[in-house]
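Here the structure comes first, spelled out in structure tokens, and everything after it is commentary.
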Amino acid sequence: MKQSHFFAHLARMKLIQRWPLMRSVSSENISEHSLQVAFVAHALALIKNKKFDGKLNPEHIALLGMYHDTSEVLTGDLPTPVKYYNPDIAQEYKKIEAAAEQRLLSMLPEEFRDDFSPFLISGTANKEEQSIVKQADTICAYLKCLEELSAGNHEYEQAKRRLEETLEQRKSPEMDYFLTTFAPSFELSLDEIS
């Protein structure tokens, strides 16, 4: 049996910090972020199914969220202003991410590649599933801004405004429900939510 380094690479997600150009009150790594995205994506799918006649598989979507940034164990977390500085850079970075996804997939024993491929390779999920995970990813970044601003860190004001614009572009009934029901608590202290 051939040795696989796949899970050793995934274990390094905890070493890759998000928001590398920002001064943060609380640091966040991609392992923590991916778990939160999985939680939120799962909730969005449930909300869509129960409130807005969706037909999604929430558990599958949670897994998509859990694995959505795994390629960053090979690429690192490129800051958003750099990643989207211009269309050429964004397009080239997508190619780098795709190569990293394929490399990660190739680390798995052959018999498991088809099982992991839908979670590791971007674009294999259907559009509705991708949309839910993108919404969850954006919501989690927005919630991070709320937490930082609530802790008095004004460094996140512009990021919050930018993310509000992105949320508006990705608007959906399930996202509105989530933001109205759950997001305000992120601006409260532990005593206030207890």
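Placed from the backbone N, Cα and C atoms, the Cβ positions cover glycine too.
Record check, Swiss-Prot: divalent metal cation site residues include H68, D69, D137, and the candidate from H5, H9, H33 also listed there is H33. When DSSP labels each residue, the domain 'HD' (30-142) comes out as 87 helix, 0 strand, 26 coil, counted as helix, strand and coil in that order. Residues within less than 8 Å, Cβ to Cβ, of R18 (substrate binding site) and separated from it by at least 6 positions along the same chain comprise E28, N29, I30, H33, D77, K144.
Of all Cβ atoms in the shown protein chains, 24 besides its own fall within 10 Å of the Cβ of H68 (divalent metal cation binding site). For H68 (divalent metal cation binding site) paired with P79 (substrate binding site), the C-alpha to C-alpha distance reads 16 Å.
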